[in-house]
Amino acid sequence: MAHIRRMIARYRWTSMKKLLARLRIDPFTLALLCTVTLASFLPVSGAAAAVMDDVTDVAIAALFFLHGARLSREAVKAGALHWRLHLVILGCTFVLFPLLGLLFKPLAHLALTPELYVGVLFLCALPSTVQSSIAFTSMARGNVPAAVCAASLSSLLGVFFTPLLMGALVGSQGAMAHPAEAIGKILLQLLVPFLAGHFMRPWIGGWVERHRAVLRYTDQGTILLVVYTAFSASVNEGLWQKTPLPALLAVLGTAALLLAIAMLSITFIARRMHFSRADEIAIVFCGSKKSLATGVPMAKVMFAGGGLGAIVLPIMLYHQLQLIVCAFVAARYARNAPSESQGATERHR
């Protein structure tokens, strides 16, 4: 009887995955929506919230430990010499985006709450995402080694640049910790586990590579935990009462406009600087993407004073939009990819 129940459960789960694939719905997106809904109706509070905070801290440390163990030194060496490409990507990530965030200030004052605008600025100050930048670069037949190095470098430098940028952009708003204090906390909670994992790579790197699903589930599970605790705290503080529907729609529109302007600008910059097609692809995907996996834990460290739910909302929406848009852009690059002989000619120019 138990065997039959397991077969029925497996069949239902398989059918659900097929339905989501047919509808082009990412299961993680659905999980995020369910997590926000759960936190809205059943927020954790009191002693249980303190326990959840501790569990989340451990999960974040485990996540960055595994990311460090997965980072290949060979891949870093292969792409590290392409300094011109890295400077362009870092410039787009930590200069272009913050400038766009400031340009959006008049629009933000009209349509967004102060907490949501802080969230938009936080989105603009975040480093690039690692996994999906590499995945989309590979899908579009771009320079994967350079993408690995650039995205990893962006993620590491974000430990320092993001708090400093937020200190300059936001100042004392949003209950943000002092930049030096935020950097210290991020070093302890994110960078130390990352470096520990990287130094352990000779012993555990093979296991991590063979069990990539572990990293994916740790990645997604940690984000869901942080989102649940963040939204629970914000709901208890009256998030939805303070955030009207027009403001939510304005955040979505702002995220979409920001992504569109960024991708068009970055593509223009890459072509004006005469990068190869493969390098252009790496620049577009690494330069335009923002890391939810890094951003949510960083927000938890930097904005411990409250309002965290509203602050992480823009990066959550931007994350979904960038996955959808970049999938179409990568497919278009792949369709228009030159043949092997043409690619060889281009590489030897």
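Backbone N, Cα and C atoms are what each Cβ position is placed from, and that goes for glycine too.
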Per TrEMBL record, range annotated transmembrane segment [choices 32-52, 221-241]:
221-241
For the transmembrane segment (56-73), I need the partner stretch with the highest count of C-beta pairs below 8 angstroms, choosing only from 85-104, 116-136, 221-241, 247-270, 298-318.
221-241
Given pairs 6 or more apart, does the transmembrane segment (85-104) have at least three Cβ pairs under 8 Å with the transmembrane segment (247-270)?
yes
Look at every Cβ pair spanning the transmembrane segment (148-170) and the transmembrane segment (247-270), keep those 6 or more apart in sequence, and say whether at least 3 of them are under 8 Å.
no
For the transmembrane segment (221-241), which stretch among 116-136, 247-270, 298-318 has the most Cβ pairs under 8 A?
298-318
Same-chain residues near the transmembrane segment (298-318), Cβ under 8 Å, at least 6 residues beyond its ends:
32, 39, 56, 60, 113, 115-116, 118-120, 122-123, 126, 158, 162-163, 166, 174-177, 182, 185-186, 189-190, 226-227, 229-231, 233-235, 237, 239, 242-243, 248, 251-252, 254-255, 258-259, 290, 292
Residues from the same chain, set at least six apart from the ends of the transmembrane segment (247-270), whose C-beta lies under 8 A from its own:
88, 92, 96-97, 100-101, 104, 107-108, 111-113, 116, 119-120, 123-124, 279-280, 283-284, 287-288, 313-314, 317-318, 321-322, 325, 329
